[in-house]
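Enquirer: My structure is below; once you've seen it, I'll send some questions.
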Amino acid sequence: MNDTTATRCGYVAIVGRPNVGKSTLLNHILGQKLAITSRKPQTTRHNMLGIKTEGAVQAIYVDTPGMHKNGEKALNRYMNKTASAALKDVDVVIFVVDRTRWTDEDQMVLERVQYVQGPVILAINKTDRIEDKSDLMPHLEWLQGQLPNASIVPISAQHGHNLEALESLIASHLPENDHFFPEDQITDRSSRFLAAELVREKIMRQLGAELPYQITVEIEEFKQQGRTLHIHALILVERDGQKKIIIGDKGDRIKRIGSDARRDMELLFDSKVMLNLWVKVKGGWSDDERALRSLGYGDL
């Protein structure tokens, strides 16, 4: 970010269709893993704040679920509502799109972003993979026509290409404000929430297309005992068949999930972690508004 004598602070919404690179972008800006990622759409389910303070500038990023068309369950409605709500009361909107690909879900996000009154930045992701940059021009010109007042910044969320320019532009749009959070705080989310998300990420990465999205993780115990952090996590699925898939042959799969999650937790929490995982069937939870609220999904 640019150095400035003025103290600046504001909220920055990161929006886009599922699996376009929003969470990867947030993690790279923060310089550490905070938001979970996988190649599967709809990995992110909640708005999460990622806070970066650099000098006089504090940018508070809101990582959002990908807006999507398919899915009529209560969980899908929650995710779309959550993402749309992030466009309100923020100071800057980053609309992440692919370098060439445009889908109906991109169009759905665009139609919401067009109503935004404040600054909009189009972050064109994965542009480092294009050898001849002139191939980008037709897509960029079309996008500029859809959002005439938006700034366009080509980036690579994965490799960090051009993120310094993106952050500098964001900083220039933030209002003069005292900082809302302490300098060393990087998120508004609890350690329990982050632990649950890491377990869910490893499940999605291990299973891929084998497992539908009717899965969530609840932390039942989170306790520091001496130098070891003891975490008990409950994995909720909707059918017995899903439970068997997660556990795997002789428990091999759930052991790999636990091992991978524990490794990331130890880095995040800077502590030795003892992680225990259980799998429980709770039929229909993803379409049960009361169950969703009890699991921390808020109002639907």
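Keep in mind that glycine also has a Cβ here, set from the backbone N, Cα and C atoms.
As the structure is a computational prediction, the values presented were derived from the model and not from experiment.
The domain 'Era-type G' annotation in Swiss-Prot covers 8-176. Marked as GTP binding site by Swiss-Prot on the basis of sequence analysis: 16-23, 63-67, 125-128. Sequence annotations record features per position, and here Swiss-Prot assigns region 'G1' to 16-23 based on sequence analysis. If you look up Swiss-Prot, you'll see 42-46 marked as region 'G2'. The region 'G3' feature in Swiss-Prot is assigned to 63-66. The region 'G4' annotation in Swiss-Prot covers 125-128. Per Swiss-Prot, the feature domain 'KH type-2' maps to 199-283.
Provide an account of the burial state, proximal residues and distances for the features listed.
Expert: In the predicted model, residues of the domain 'Era-type G' (8-176) average a pLDDT of 83.
A helical conformation is recorded for K22 (GTP binding site) in the three-state DSSP classification.
Within the same chain, residues 20-21, 25, 96-99, 136, 154-159, 161-162 sit at least 6 positions outside the region 'G4' (125-128) and bring their C-beta atoms closer than 8 Å to a C-beta of that stretch.
DSSP states for the domain 'KH type-2' (199-283), grouped as helix (H, G, I), strand (E, B) and coil, give 41 helix, 31 strand, 13 coil.
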Enquirer: Around T127 (GTP binding site), which residues of its chain at least 6 apart sit with Cβ under 8 Å of its Cβ?
Expert: R99, K133, L136, P154, I155, S156, H161, N162
Enquirer: Could you count the residues of the region 'G4' (125-128) that DSSP puts in helix, in strand and in coil?
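Expert: Once the DSSP states are binned, the region 'G4' (125-128) shows 2 helix, 1 strand, 1 coil.
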Enquirer: 10 Å Cβ neighbour count around G16 (GTP binding site)?
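Expert: Result for G16 (GTP binding site): 25 neighbouring Cβ atoms inside 10 Å.
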Enquirer: According to DSSP, which kind of secondary structure is T64 (GTP binding site) found in, if we only use helix, strand and coil?
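Expert: Note: T64 (GTP binding site) is coil by DSSP, not helix or strand.
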Enquirer: Where's the emptiest Cβ shell within 10 Å among the binding-site residues N19, T64?
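Expert: Each of the binding-site residues N19, T64 was scored; lowest Cβ tally within 10 Å is N19.
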